[in-house]
Amino acid sequence: MKLFLAPMEGVVDFKMRELLTDLGGFDMCVTEFIRVVDLTLPRRVFVRYCPELLNGGLTRAGTPVRIQLLGQVPHALAANARKAVKLGSHGVDLNFGCPAKTVNKSKGGAVLLKEPEQIYQIIRAVREAVPQEHEVSAKIRLGFDDDANSTEIVDAVQSAGASSLVIHARTKRDGYKPPAYWEKIPPLLERLTIPVVANGEIWQVEDAMRCQQRSACDNLMLGRGALATPDLAAKIKAHVEGRNYRPLEWQEVVYHILHSSMHQDPEVGEKYFSSRTKQWLGYLKLQYPQAHTLFDEIKRLKSKDDVVSVLDKYAKSPLLDSNHNNEPTA
């Protein structure tokens with residue numbers, strides 16, 4: 001099993017990738033999308049979205065990072081994909097799944113699901129531009145309004161030369177409303193020979209196991225579930241590999257996610273720290289009841305120092321001798 005950290009615009013940036021991969025379990029990260037119009041972007045843009053390029057395309061924990069591109073112009077996407085891998089990205093991912101109206105209005109993301117031929121032209125151009133040793137992956141949904149043309153979409157992806165495919169098991173119209181229709185993936189797998197990764201509504205270890213079973217996909221992509229339970233990937237891997245695992249306690253979550261890694265980084269500014277901490281608590285409240293109390297205490301605070309002083313009351317360093325109980329089970 002391989003676990004991928006999903007690209008989530010405005011949420012899973014460099015700092016989030018660093019924090020989550022430090023906790024273990026992930027095999028690959030995909031960046032927030034870089035929007036491509038018609039020009040080849042300068043190096044500084046790629047580095048801004050993916051500072052890991054300065055570290056061989058790896059997170060601090062050594063997890064490979066893949067740049068995601070979004071756009072509609074095949075030759076422009078091809079040129080930028082070529083540059084991305086030259087700068088150190090571990091392959092290139094193409095976004096055909098973003099449901100945001102602003103993105104779709106500019107002919108990017110999920111709106112292209114209406115045009116499988118355009119998807120084909122984009123992937124083909126990128127595949128021809130990127131050296132064969134680098135993967136070209138695509139991320140799609142089941143369709144736009146419905147899944148009526150899902151077979152055309154996946155046929156276009158594979159025939160254009162994509163190395164692998166991530167399927168978010170919902171349509172654009174579904175947005176992020178549960179459920180995810182994992183059971184709609186197996187009929188598509190029958191048409192494909194490339195690896196497929198299932199994505200959508202994986203919040204717990206049990207969800208991951210059900211998703212594997214219903215989607216017939218060995219590999220999974222985690223998004224909001226990893227934000228709500230920061231060590232979710234580690235928990236899933238431990239379960240699959242038959243290892244005991246002690247989940248992070250709430251105080252350790254505060255230490256890892258909201259306190260230690262973030263406030264000690266001099267590059268993290270006042271506005272970023274306070275707003276990102278509140279944003280994270282919004283996800284953490286889904287799995288940790290204690291997050292409600294912490295959010296109430298900091299929701300009106302703007303100063304980084306004020307936020308950190310509150311976090312200090314809750315944070316606890318991980319137990320040094322536990323190693324999260326990674327011994328094999330009997």
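Every residue, even glycine, has its Cβ placed from backbone N, Cα and C.
Summary of the site annotation: TrEMBL records FMN binding at Gln68, His168, Asn199, Gly200, Glu201, Gly223, Arg224. Screening the candidates Lys86, Lys101, Lys105, Lys139 against this entry identifies Lys139 as the one listed for that site. Restricting the recorded positions Cys98, Gly200, Glu201, Tyr283, Lys299 to those with a CA within 10 Å of the CA of Tyr176 (site 'Interacts with tRNA') leaves Gly200, Glu201, listed by sequence position. Summary for the binding-site residues Gly200, Gly223: the Cβ-based neighbour count within 10 Å is maximal at Gly200.
Nearest by CA distance to Gly200 (FMN binding site), out of the recorded sites Arg35, Asn95, Arg276, Lys278, is Asn95. In this structure, the C-alpha atom of Cys98 (active site, proton donor) lies 9 angstrom from that of Lys139 (FMN binding site).
With a 10 A radius on its CB, Asn199 (FMN binding site) counts 27 other CB atoms from all the protein chains.
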